[in-house]
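If you check Swiss-Prot, you get these features:
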- 156-183: region 'Disordered' (REGION)
- 1-25: signal peptide (SIGNAL)
- 26-50: topological domain 'Extracellular' (TOPO_DOM)
- 72-77: topological domain 'Cytoplasmic' (TOPO_DOM)
- 99-116: topological domain 'Extracellular' (TOPO_DOM)
- 138-200: topological domain 'Cytoplasmic' (TOPO_DOM)
- 222-231: topological domain 'Extracellular' (TOPO_DOM)
- 253-261: topological domain 'Cytoplasmic' (TOPO_DOM)
- 283-302: topological domain 'Extracellular' (TOPO_DOM)
- 324-334: topological domain 'Cytoplasmic' (TOPO_DOM)
- 51-71: transmembrane segment (TRANSMEM)
- 78-98: transmembrane segment (TRANSMEM)
- 117-137: transmembrane segment (TRANSMEM)
- 201-221: transmembrane segment (TRANSMEM)
- 232-252: transmembrane segment (TRANSMEM)
- 262-282: transmembrane segment (TRANSMEM)
- 303-323: transmembrane segment (TRANSMEM)
- 335-355: transmembrane segment (TRANSMEM)
Amino acid sequence: MSRFRKTLVSAFVLCLVIFPLLVSAAEEENQCGGSKGGSAAEKASALKYKIIAFFSILIAGVFGVCLPIFGLKTESNFFMYVKAFAAGVILATGFVHILPDATESLTSSCLGEEPPWGDFPMTGLVAMAASILTMLIESFASGYLNRSRLAKEGKTLPVSTGGEEEHAHTGSAHTHASQGHSHGSLLIPQDDDHIDMRKKIVTQILELGIVVHSVIIGISLGASPSVSTIKPLIAAITFHQLFEGFGLGGCISEAKFRVKKIWVMLMFFALTAPIGIGIGIGVAEIYNENSPMALKVSGFLNATASGILIYMALVDLVAPLFMNQKTQSSMKIQVACSVSLVVGAGLMSLLAIWA
């Protein structure tokens, strides 16, 4: 029953993303109406490339997620370099790919100049709100796990009142921070089960941010009538999904999910962009991505996704990796992780030229 509920939740999340996009983009055409495509031959040619994109992106997504999950040992130094690379990829996805897309949508001339559009930085506001919400979800989830664990052990949370007691707890916090444990609950000793559970929460929120963007780019590609637009997007989005999958796969591997859960998360990520392409193909005749409501919906979704990914990359991936004891005690590991982070961010940023 629990698995069934989780499946329903996943389907509900997809519907929340897809349905508003389709309804808003099918409204009456306005002065900013999108192109309707050309001849039947051009549409047939475009369809052929869309089918190629469907399978290419699907395979790249599966391969990207599977490589760190099934091909690497999480205890090795090399896995740390992979995590740094993955963090760079996710950070660049948020800053270079998704945030500019959101800004373009929410500052479009098609929305007019009346408040809150025009000069107001709506994209930054939404991204900031998403980051704060992500932090609150993590904080409350972590607090709930701590209270549940301590309740089972018949203990209560320690409360600092100053003086020696506060100093003792602070010292404990420093010890845990230096050992690379969670940054979120420094006053509370955390066992391995709690740390693993927190990693699972982080990974699931991260996948949500990635999936939202994957659906949007899939629908956009599937609805595009232009062969000249689709051709470069195939390669760009294929590598985009490969690198994103690589980043997500590293987090899934470290979170130690059960095998069935791993496969569910793997397929949930790998199928979202291809499903988006399929939906885009089906609604290509009515889909107008330049309608005001479609711009608002896609802009808000992209801004939300960027806020989630930027927060997760910096707070939950980069900071714990670079501040843990193993990295800090070895110049070789520190330099290698730094290079991997820059390479991951650089390669993902480079893809923004084409996608």
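A Cβ is built for glycine as well, from the same backbone N, Cα and C atoms used for every other residue.
With Cβ pairs under 8 Å as the measure, the transmembrane segment (303-323) is packed most heavily against 78-98, out of 78-98, 117-137, 232-252, 262-282. Taken together, the residues in the topological domain 'Extracellular' (99-116) have a mean pLDDT of 86 on the 0 to 100 scale. At the 8 Å Cβ threshold, with sequence separation of at least 6, the transmembrane segment (262-282) comes into contact with the transmembrane segment (201-221) through 3 or more pairs. Same-chain residues lying 6+ beyond the ends of the topological domain 'Cytoplasmic' (72-77) with a Cβ under 8 Å from its Cβ atoms: 250, 253-254, 333, 336. Across 51-71, 201-221, 232-252, 335-355, the stretch most heavily in contact with the transmembrane segment (117-137), judged by Cβ pairs under 8 Å, is 201-221. In this chain, the transmembrane segment (335-355) lies out of contact with the transmembrane segment (51-71); the count of Cβ pairs under 8 Å, excluding pairs fewer than 6 apart in sequence, is fewer than 3.
Sequence-distant contacts of the topological domain 'Cytoplasmic' (253-261) (same chain, at least 6 residues past either end, Cβ-Cβ under 8 Å): 3, 68-69, 72, 74, 79, 83, 196, 199-200, 202-203.
Counting only same-chain residues 6+ beyond the ends of the transmembrane segment (335-355), those with a CB under 8 A from a CB of the stretch are 77, 80-89, 91-93, 96-97, 100, 217, 232-233, 235-237, 239-240, 243, 247, 318, 321-322, 327.
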